[in-house]
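As recorded in Swiss-Prot:
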- Leu121, Gly125, His126, Leu127, Ser356, Pro357, Phe358: (6S)-5,6,7,8-tetrahydrofolate binding site (BINDING)
- Lys230: N6-(pyridoxal phosphate)lysine (MOD_RES)
- His229: site 'Plays an important role in substrate specificity' (SITE)
Amino acid sequence: MLKKDMNIADFDPQLFQAIQDETRRQEEHIELIASENYTSPRVLEAQGSQLTNKYAEGYPGKRYYGGCEHVDIAEELAISRAKELFGATYANVQPHSGSQANAAVFMALLEGGDTVLGMSLAHGGHLTHGSHVSFSGKLYNSVQYGIDETTGKIDYAEVERLAVEHKPKMIIAGFSAYSGIIDWGKFREIADKVGAYLFVDMAHVAGLIAAGIYPNPLPHAHVVTTTTHKTLAGPRGGLILSAIDDEAIYKKLNSAVFPGGQGGPLMHVIAAKAVAFKEALEPEFTAYQEQVVVNAQAMAKTFIERGYDVVSGGTDNHLFLLDLISKDITGKDADAALGLANITVNKNSVPNDPRSPFVTSGLRIGSPAITRRGFKEAQAVELTNWMCDVLDDITNEGTIERVKNQVLELCAKFPVYG
């Protein structure tokens with residue numbers, strides 16, 4: 001018999017300790033991985049609810065199981081809030097991840113072997129935008145565009161040239177490591193010129209878009225996907241949106257999610273998405289996103305002042321790439337040294353990187369998590385100077401230890417969950 005006082009600590013102390021250690025790590029380390037964030041206790045409450053017990057294959061009002069009247073409400077709330085948040089006429093909140101949302105779009109709009117045009121992973125794209133190691137590059141004919149080596153920005157002339165040459169059935173706009181603002185309208189012009197669908201993956205900037213401080217792709221794209229974590233600060237999951245008022249495409253998308261790619265949806269996660277969307281509709285969410293950009297720009301500026309190269313010379317969003325080629329430091333070594341100082345980043349390839357993706361010559365740095373715990377511009381600048389101190393001499397154990405102690409003091413002043 002199940003009892004409410006059952007707990008992990010008593011039953012599984014090894015797992016409980018791992019959870020406690022991870023909680024401590026999050027509190028005592030500064031998180032600069034651009035795709036990570038801290039979700040609210042309200043989201044955690046919904047995700048840990050009894051809704052995890054309910055199977056609900058299908059969609060609200062059209063389930064294959066009985067007893068779905070309450071989870072239907074949760075999903076309908078998530079759908080309506082997602083539509084309101086992004087100005088959509090269609091929303092599917094069931095994808096378990098951003099990659100599965102992207103896979104559903106491919107399944108709905110393409111046939112195997114169709115040509116797709118997406119951003120190269122080496123230039124800031126995502127695995128699911130046509131990389132040869134992903135389904136998107138294995139099952140479809142993938143053509144890749146990149147950024148201008150001089151400006152660090154998307155080369156729209158190249159995108160158009162490739163589109164005219166290869167006649168893709170779908171063009172993908174979006175990124176996992178690009179610090180500029182994308183001209184969605186220009187992408188749509190190119191797509192219309194060659195008769196292609198425009199598919200936007202806004203996973204990294206969804207929170208900025210929801211707050212109105214980054215251009216919304218919904219008026220331009222046929223289909224838009226996103227994750228629900230990252231800048232949106234919700235649970236880990238995916239979302240598909242559209243505003244083209246095309247019921248035929250909506251039905252194809254729904255069928256591609258279920259039964260095409262998934263079975264039963266995760267109702268506890270969908271409930272958590274509903275909470276996160278409601279949070280994103282609050283005024284303070286806009287203030288948070290504005291600070292995210294301010295902090296990222298302050299960090300990029302400080303790195304440049306300290307003699308480091310930033311791809312494209314700065315950032316217009318929440319992330320930027322630190323190019324370490326001129327410093328003869330690998331991304332792998334920089335990642336490790338900063339990790340010893342309780343600063344978590346991720347090694348990342350930079351444009352025309354001479355090193356392998358397992359070593360790299362750069363770091364991807366993002367500000368959503370530090371801003372979530374309350375950092376303002378002053379703390380962002382202070383932190384960046386500490387990082388430069390470490391990177392200036394990555395084998396100096398004394399410097400690493402000093403910075404680690406400074407990080408611990410700063411984290412104590414700005415707890416994740418105060």
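The backbone N, Cα and C atoms fix where each Cβ goes, and this holds for glycine too.
Remember, predicted model here, so these are calculated numbers, not experimental data.
Projection of Swiss-Prot feature records onto the structure.
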{"residue": "Leu121", "record": "(6S)-5,6,7,8-tetrahydrofolate binding site", "contacts (Cβ under 8 Å, 6+ apart)": "Leu127, His129, Ser131, Ser176, Ser349"}
{"residue": "Gly125", "record": "(6S)-5,6,7,8-tetrahydrofolate binding site", "contacts (Cβ under 8 Å, 6+ apart)": "Gly118, Met119, Ser131, Gln144, Ile172, Gly174, Phe175, Ser176"}
{"residue": "His126", "record": "(6S)-5,6,7,8-tetrahydrofolate binding site", "contacts (Cβ under 8 Å, 6+ apart)": "Asn102, Met119, Gly174, Phe175, Ser176, Asp201, Ala203"}
{"residue": "His229", "record": "site 'Plays an important role in substrate specificity'", "contacts (Cβ under 8 Å, 6+ apart)": "Ser35, Glu36, Asn37, Thr39, Pro235, Arg236, Gly237"}
{"residue": "Lys230", "record": "N6-(pyridoxal phosphate)lysine", "contacts (Cβ under 8 Å, 6+ apart)": "Ala34, Ser35, Glu36, Asn37, Ala203, His204, Ala206, Gly207, Pro368"}
{"residue": "Ser356", "record": "(6S)-5,6,7,8-tetrahydrofolate binding site", "contacts (Cβ under 8 Å, 6+ apart)": "none"}
{"residue": "Pro357", "record": "(6S)-5,6,7,8-tetrahydrofolate binding site", "contacts (Cβ under 8 Å, 6+ apart)": "Ser349"}
{"residue": "Phe358", "record": "(6S)-5,6,7,8-tetrahydrofolate binding site", "contacts (Cβ under 8 Å, 6+ apart)": "Lys332"}
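For the (6S)-5,6,7,8-tetrahydrofolate site listed in the record, the two most distant Cα atoms among Leu121, Gly125, His126, Leu127, Ser356, Pro357, Phe358 lie 17 Å apart. The local packing around Leu127 ((6S)-5,6,7,8-tetrahydrofolate binding site), expressed as other Cβ atoms within 10 Å of its Cβ over all shown chains, amounts to 16.
DSSP classifies Leu127 ((6S)-5,6,7,8-tetrahydrofolate binding site) as helix under the three-state reduction. Secondary structure at Leu121 ((6S)-5,6,7,8-tetrahydrofolate binding site), taken from DSSP and collapsed to helix, strand or coil, is helix.
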